[in-house]
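In what follows, a single structure is set out as C-alpha cells and then discussed.
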Amino acid sequence: MHKKGIKVALFSVFLTIITLLAGCEPLLVLDPKGPQAKRQASDILLSIGVMSVIVLVVFALLVYMLVKYRASKQRADYEPPHIEGNLWVEVVMVGIPVLIVAFLSYVSVQSNYIVEAKPKGYEDKEPLVVYASSSNWKWHFSYPEEGIETVNYLYIPTDRPLEFKLYSYGPITSFWIPQLGGQKYAMGDHVTTLHLAADVPGEFMGRNANFSGKGFAENTFNVTAMSQEDFDDWVKEVKETAKPITEKKFEELLEPGHLGQQTYTGTHLEFSPPPAGHDHSEEASETPETETHTESHTGHEGMSH
Amino acid sequence: MDFFDRFAVPHPSLAIYASMAAIGLTIIAVIAGLTYFKKWGYLWREWLTTVDHKRIGIMYLLSALLMLFRGGVDAIMMRAQLAVPENTLLDAQHYNEIFTTHGIVMILFMAMPFIMFFMNFVVPLQIGARDVAFPRLNALSFWLFFMGAMLFNISFVVGGSPDAGWTSYFPLAGTEFSESVGNNYYMIAIQIAGIGTLMTGINFITTILKMRAPGMTLMKMPMFTWSALIANVIIVFAFPVLAVLLAMGTLDRQFGTNFFTMDNGGMDMLWANIFWVWGHPEVYILILPAFGIYSEVISTFARRNLYGYKSMVGSMVIISLLSFLVWAHHFFTMGQGAFTNSIFSITTMAIAVPTGVKIFNWLLTLRKGKIVFTTPMLYSMLFIPLFTLGGVTGVMLAMSAADYQYHNTMFLVAHFHNVIIPGVVYAMLAGLHYYWPKMFGFMLNEKIGKWTAWLLSIGFILAFMPMYVSGLDGQARRMYTYSEAAGFGLMNMISFVGAAIMAIGFVLIVYNIYYSTRYESRDISNDPWDARTLEWSTHTPVPEYNFAILPDVRSNEALWDAKKNGHVLFKGEYQKIHMPNNSGIPFIMSCIFFVWGFSFVFSLWIPVILTTIGIFVCMALRSFEQDHGRYISVKEIEETETNLRGA
C-alpha cells in the first residue's frame, strides 16, 4: 500500500511540473524582462535544481528502506539490532548539507549585493528616479526630474536604470513588478530604494503585494516600458495636456478608495515631501551622488523650458 | 442604545447570524444535557477542578479538535472564495477576517493545545512521574488558554473579528486603519492564552528537570521528553516577548501611545520585528515536539532503537538557538540592506543542517528494522517525503534576493503549510492514534485511520502544490479575489478540490472516533503497540497516581529493556502516595479573566477594575490556603492494582 503512495506523491509532483512547463504562458517570475528579475529567476531555477537532487535522494532512501525492511519481508523471528550512531555516517550527514548550504549562501550573498545596486550592465547610465508612494489603495508615481505625476500607472524607458523611492501614506505596502524584479516595502516613516531596469519594451503587471486592508486585492498598477524617445514624447505630451497637481487635489487623492489612472503635471513632493529617513541599503557614498543627479536634472529641465 | 451598539457585528452576514444561532443552540443543548443527566457535579468534580495532568491533557485535546474544525471551516471558505475568478461568495472584509482568524486559531488555539495535550499526557508518564511539578498551576494554564480561545472565538459574533492578518502588522492593525474592536480581541485574547502558555513552559521545565524516575539521567530521557524540554525552554524565552508586544499593541490601540503609529515618532516595522522575534521561535515550539512524536513512532514501528540519539538531541538544541537568530527572514524586503539580509539568509539556511540530520536519522532508524505499517507509522512515513518538500522550499525562501520574488505570494503560503501540515498536523494525528489506547482503553480503527492518512495526503498535495505555481505566477497572498485575466483560476480550482478532500479526511477522523468508540475491542493490553518507553509500562486506563511504584531506569528505552533484557522496572513494596487536591480556583480565576478580557476589549473600565480585584483575590486565597494534598493509602493502591490487573 505504501509504495503505491509514494508513487502517487511522485506522480503528483511530476504532474505539477508538467503543468508548469506546458502552461500556455510562462510564469511571471520565471519570465524576466529586466536584469534584476533575471538574476532572481536564475537563483530560483538554480535552487530548484539543487533542491530536487536532495528531494530525490531522500525519496530514494525512504523507498529503499521501506521496501527492504518491511516486516512482511523479514523472517518472523528476526530481531532488529541495536545500533547507536556512527561518527562517520554523522560527519557525512552534516558535511554534505553544510557544503550545499555554503554554496547557496555564497550565491545568495552575491545576489543580495547585485539586487541592491544599480542593475548590472547599466552602471554608466544615468538612472531615472521615480518616487512611488502608496495610499489606501492606490499608487502615486512622481517623476521629479520630468515634473509629472501619475496615479496607478507607470511609464518607464527601457535600457535605463530605474531607481524607485518607496514610501507610504498608509499601512505598509510592497511595491512589486514581478517581471522586472522582486518587491520592496513602502512604509510611512522612511524611504526605501528599489533598483530595477527593463531590457525590452512591454506591458507588465505591478501591484502592492503586502496586505493593506479592504481594497488590497485591487491595489494594482500597469507598467509600460518603451524606448527613451517614446518616453520623452509621452512626458512632453503630459506636460502639454495634463492639469497641475495641487495640494488640495492630492489630499482628495489620498482619501481611501480606488481611482482609475490619472495624470498630472508637477509632483506632490513639493508640498508633501517624502519622510526624512532612509533605509540602510543606501550606501553612505551614494547619497551625494544622487543629489548631484537631481541637480543636473533640474538644470536639464530649466533648459527645456 | 449607544452602549449596546458597540457589541453589534460591524459587517453582519448570513453566515454570522447562522453561527450565532449555532453557538446559542449548542450552549443551550450542553446546559440542558448536563441538567437532564444530572452531570453538573461530575463535571465539576472530575473535570473543571481537576489537577490531574492526564485529564488536563484530554481537555487540551478536546479544545484542539474543536478549534481544528473552526479553523478548518475558515480554510474551506477561503479556498471556495478563490476557486473561481471574481467570486462573490465572500466580500473583502469577510475574507480578511477569515484568513486572520484561520491563522490565529490554527497556530495558537489548535496546534498549541495539541502540543500541550501531548506534553501533559505523555511527559509525566514517560519520565515515570506521578504528575507535573505544579499541578494546580497546570490547571490554571489550561483554563487561561481555554478562556483566551473562547474570548477570541466570540469576536466574530460580538463586535467583530480581527482583520489585519494573523501577524497583525501595524499600522494596519492600529486605530488609524482598524477602528473596530476586532484587533482589541487579538491583543487581549492572545495575551490571556499566552500567560497560560508561559506558565506551562515553567511547569514542564521544572517537571522534566526535577521529577524524572530514579536512574533516568538527561541522556536517558526518551526523545519526546527531550523535545518537550527544549520546546518549553523556547517558550520561556519567547513568550515574554509576545506578552510585551501585545501590551504595546493594547497601549497603542486603547491608550493612545505611539509605538507603532504613523505619526509622532511611531515605527511601522517595530511591530513586525518584535512579532517575529516571538513568531519564529513559536514555529519551533510546534515542530520540535512533533519531531519528538515522530521519533517515538518511527522507533516503535521500525522495532528498533532510534538511530543517532545524541545527534538528535544536539540538533534540537542547535535548532532552538538558531530559532532566535532568523526573525528578519520574514521581511527581507523591508530594505535593511544587502549585508543584514546576507546574515539572516545564512542563519536561516543553517537551520536546514540540523533538520537534515534528523531526517537522515529517521531514515537510518528504518534501516535493518522490521517495519510495521500502523496508522501512526503511515503518517510518519508520509511526513518524511512531504516535509522534505516543505523544508527545501524553505531553503529556497531563505535566499534573500530570490525571496523578493516569493515574499507575500502564494509560494510562501504553500511553503509554510507544507511544513506545518506534514510536520505538525501529521505528528498530532500520528500521536493521536498512537496514544488513544493509553487514554481511552481502545484503539482507533486502523482501516479508517489509514484511509484518512491517504486522503489527507492526496488532498494536501492537490491543495498546496498548485500554490507554488500560482505564487511564481504572481498571485499575492491574502487577495480576496482576482481577475480572470490574471490566469490563476486553474491552480486555485485544483487547490479548492484538494482542500475539499482534506475536509473529508478530517470528517473521517471524527467518524473514526465515533466508530471506534462503538465497535472497537476493549480487550487490549497495556502495551498494544509493543512500544519501548515508560508510558506503556503502566496500566490502561492509567491510574490516578500513574505508577504504583516508581520505575527504575537504565536506558532511554526502559520498557524495551524490561521486555527484552530482563531489566526489572518496578522494585520494592507499595508505599502511600502523596497526591495534590483538586481545586476550583484555577477555573474560577480563568472565568474572571474571561470577563476581564471581554470588558477590556470594549474598554468597559469599571468591570475591568472589579475583575482585576477578583483576580488578585483568587491569588491571595491560594497564597493563604493551607492545602498539603492528600495520601493514597497502601490498601487503596493494592485494590486499584488488583482491579486493573484483573481487567
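Placed from the backbone N, Cα and C atoms, the Cβ positions cover glycine too.
Because TrEMBL annotations are produced automatically, they should be read as predictions rather than curated entries.
The domain 'Cytochrome oxidase subunit I profile' annotation in TrEMBL covers B:38-554.
Within the chain carrying the transmembrane segment (B:14-37), a Cβ under 8 angstroms from the stretch's Cβ atoms is held by residues 43, 94, 154, 156-157, all 6 or more beyond its ends. What TrEMBL records for B:14-37 (among others) is transmembrane segment.
Residues of the same chain lying 6 or more positions beyond the ends of the transmembrane segment (B:58-78) and with a Cβ under 8 Å from any Cβ of it are 47, 89-90, 95, 98-99, 101-102, 105-106, 109-111, 113-114, 116-117, 120-121, 142, 145-146, 149, 153, 428, 432, 439, 499-500, 503, 506. The transmembrane segment annotation in TrEMBL covers B:58-78 (among others).
Counting same-chain residues at least six beyond the ends of the transmembrane segment (B:98-125), those with a Cβ under 8 angstroms from any Cβ of the stretch are 53-54, 56-58, 60-61, 63-64, 67-68, 70-71, 74-75, 77-78, 90, 131-132, 138, 141-142, 145, 148-149, 152-153, 155-156, 161-168, 186, 190, 193, 197, 200, 204, 207-208, 211, 224-225, 228, 231-232, 282, 285-286, 289-290, 293, 420, 424-425, 428, 431, 435, 438-439, 478, 534-535, 538, 542, 546. Residues annotated as transmembrane segment in TrEMBL: B:98-125 (among others).
Taken from TrEMBL, the feature transmembrane segment covers B:137-158 (among others).
Per TrEMBL, the feature transmembrane segment maps to B:185-205 (among others). Residues 104, 108-109, 112, 116, 119, 123, 132-134, 137-138, 140-145, 147-149, 151-152, 155, 159, 161-162, 164, 168, 173, 228-229, 232-233, 235-236, 239-240, 242-243, 246-247, 249-250, 253, 593-594, 597, 600-601 of the same chain sit 6 or more residues outside the transmembrane segment (B:185-205) yet have a Cβ under 8 Å from a Cβ within it.
Per TrEMBL, transmembrane segment is recorded for B:269-294 (among others).
Sequence-remote contacts of a segment are chain residues at least 6 beyond its ends whose Cβ falls under 8 Å from one of its Cβ atoms, and for the transmembrane segment (B:306-330) they are 219, 223, 226-227, 230, 233-234, 237-238, 272-273, 276-277, 279-281, 283-284, 288, 291, 295, 298-299, 336, 340-341, 344-345, 347-348, 350-351, 353-355, 357-358, 361-362, 364-365, 367, 397-398, 400, 403, 556. Annotated transmembrane segment per TrEMBL: B:306-330 (among others), in sequence order.
Feature annotation from TrEMBL assigns transmembrane segment to B:342-364 (among others).
Summarising the annotation, TrEMBL assigns transmembrane segment to B:376-399 (among others).
What TrEMBL records for B:419-436 (among others) is transmembrane segment.
The feature transmembrane segment is assigned by TrEMBL to B:448-469 (among others).
Marked as transmembrane segment by TrEMBL: B:489-514 (among others).
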Q. Taking residues 6+ outside the transmembrane segment (B:342-364), which of them lie with a CB under 8 Å of any CB in it?
A. 291, 294-295, 298, 306-308, 311-312, 314-316, 318-319, 322-323, 325-329, 332, 380, 384, 387-388, 391, 394-395, 398-400
Q) Is the count of Cβ pairs under 8 Å between the transmembrane segment (B:419-436) and the transmembrane segment (B:269-294), pairs 6 or more apart in sequence, 3 or more? A) yes
